[in-house]
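Enquirer: So that we are looking at the same thing, I have put the structure below in structure tokens.
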Amino acid sequence: MSAIQAAWPSGTECIAKYNFHGTAEQDLPFCKGDVLTIVAVTKDPNWYKAKNKVGREGIIPANYVQKREGVKAGTKLSLMPWFHGKITREQAERLLCPPETGLFLVRESTNYPGDYTLCVSCDGKVEHYRIMYHASKLSIDEEVYFENLMQLVEHYTSDADGLCTRLIKPKVMEGTVAAQDEFFRSGWALNMKDLKLLQTIGKGEFGDVMLGDYRGNKVAVKCIKNDATAQAFLAEASVMTQLRHSNLVQLLGVIVEEKSGLYIVTEYMAKGSLVDYLRSRGRSVLGGDCLLKFSLDVCEAMEYLEGNNFVHRDLAARNVLVSEDNVAKVSDFGLTKEASSTQDTGKLPVKWTAPEALREKKFSTKSDVWSFGILLWEIYSFGRVPYPRIPLKDVVPRVEKGYKMDAPDGCPPAVYEVMKNCWHLDAATRPSFLQLREQLERIKTHELHL
């Protein structure tokens, strides 16, 4: 290990670059691709004490492993499979053949160094749109500005907004899927040879969720075909590389296969979504202590996101999963972004989303707190859909006039007070997740003494 490299602290995750059989009794053997966790630095900086997935500890050589890093979404061109770099106008037109309306790529501008060009196939022709770079922002029409190319492409994928067509299908750069390099560099790329796909456990709009086996461990695998939605899932995986908490579903790694698509591999949550878990068991099986534990599990995950300046934006019982040992973990980070960013509100679940987020696209930890209040209501109603007997179109007008749902049957008054505190129309008066956790822990302590 180089003398200038700082020692890795305890808890650092590493991925093995080579096989290590060990030469002494205290060594920890491992195979290329294994994930190891640093336990302590040794006196010799070239060696660490580490543990493997099953908790066995031993000494490992530092130069055989690579530290896992968080992938920063939105800053790396390598996460954009439609970006082709320095190619000419003529090369772009050849790549967009045979013609297919909505097929597109982005290249560096040959006429305007520093700018980009969006090339789009439409009605048998290829249109070239200059993307101007000015004052650290990007724009095609000098009306709408974007922080980066990903945001720009995301916008025109959902709306043509003056272009000849909406962007439908990216022309993936030949020979490589750029994201692969980035996940490999940061230690999150897994090998397809080590993954067995067993059975479909869920179907979504963008692909399937499958039960898999990765090196003898059960895993869940999101399988996404390479299309215009792949970028959103790469962004989700990028967010997950930056987050680590016992109540967040853990990313194990990413596989990018040019022909077969994108695979996001996470820990397997045997008991499925919290909403289904609650509905299938109900009041006769689940006691108040169990409901309070699930509430605290989710609250602790959200307190962690709050502390790391992430906003989930889609918190609901359907996006919380339950493990074999009944631990609730927050999942589905598809909309999760750093707290400063905004978002199109077209696809947001109205009944779970804070009024200011629907009205003004103002997302913050406090809008997540509103959603947490709805999730608490779901937990204590054993998975009922919120705002029962109110037509969807009437929910927002009634909420904005101050309407709050009644307490679910049998819900402790103290828990209902927590829900109502989450539903203040003034976001600033809602509690933080730290305060919510403290309130729920006080309720738990009080119940233990009853």
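Any Cβ shown, glycine's included, is placed from N, Cα and C.
Pasting the feature list from Swiss-Prot:
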ACT_SITE  D314  active site, proton acceptor
BINDING   I201, G202, K203, G204, E205, F206, G207, D208, V209, K222  ATP binding site
DOMAIN    9-70  domain 'SH3'
DOMAIN    82-171  domain 'SH2'
DOMAIN    195-449  domain 'Protein kinase'
MOD_RES   S2  N-acetylserine
MOD_RES   Y304  phosphotyrosine
MOD_RES   S364  phosphoserine
MOD_RES   Y416  phosphotyrosine
REGION    9-70  region 'Interaction with PTPN22'
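Could you place the listed features in the three-dimensional structure?
Expert: The secondary structure of D314 (active site, proton acceptor), as reduced to three states from DSSP, is coil rather than helix or strand. Counting Cβ atoms from all protein chains shown, D314 (active site, proton acceptor) has 21 others lying within 10 Å of its own Cβ.
Within the same chain, residues at least six positions away from I201 (ATP binding site) with a Cβ under 8 Å of its Cβ are V209, M210, L211, A220.
Regional average pLDDT for the domain 'SH3' (9-70) in the model is 91.
Under DSSP, residues within the domain 'SH2' (82-171) fall into helix, strand and coil as 17 helix, 30 strand, 43 coil.
For the recorded site, Y304 (phosphotyrosine), the DSSP three-state label reads helix. Here Y304 (phosphotyrosine) comes close to L243, H245, N247, L248: these same-chain residues lie at least six apart in sequence, with C-beta atoms under 8 angstroms from its C-beta.
A 10 Å cutoff on Cβ-Cβ distances gives S364 (phosphoserine) a total of 19 other Cβ atoms nearby, all chains included. Under DSSP, S364 (phosphoserine) is assigned to coil, being neither helix nor strand in the three-state scheme.
The local packing around Y416 (phosphotyrosine), expressed as other Cβ atoms within 10 Å of its Cβ over all shown chains, amounts to 18.
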Enquirer: Can you grab the distance from S364 (phosphoserine) over to G207 (ATP binding site)? Cα atoms, rounded to a whole Å.
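Expert: About 29 Å separates the two Cα atoms.
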Enquirer: Applying a 10 Å Cβ distance cut-off over all chains shown, what neighbour count does K203 (ATP binding site) have?
Expert: 10
Enquirer: Since the record lists G207, V209 as binding-site residues, which of them has the fewest other Cβ atoms within 10 Å of its Cβ?
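Expert: Across G207, V209, these binding-site residues, the one with fewest Cβ atoms within 10 Å is V209.
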Enquirer: Take the C-alpha atoms of K203 (ATP binding site) and D314 (active site, proton acceptor) and report the distance between them in angstrom, rounded.
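Expert: About 19 Å separates the two Cα atoms.
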Enquirer: Treating G and I as helix alongside H, and B as strand alongside E, what does DSSP give for the domain 'SH3' (9-70) in helix, strand and coil?
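Expert: Split by secondary structure, the domain 'SH3' (9-70) comes out as 3 helix, 27 strand, 32 coil.
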Enquirer: Could you round the CA separation between D314 (active site, proton acceptor) and G207 (ATP binding site) to a whole angstrom and send it over?
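Expert: Rounded to the nearest whole number, the Cα-Cα distance is 19 Å.
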Enquirer: Return only the integer: C-alpha distance in Å from G207 (ATP binding site) to Y416 (phosphotyrosine).
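Expert: Cα of G207 (ATP binding site) to Cα of Y416 (phosphotyrosine) measures 38 Å after rounding.
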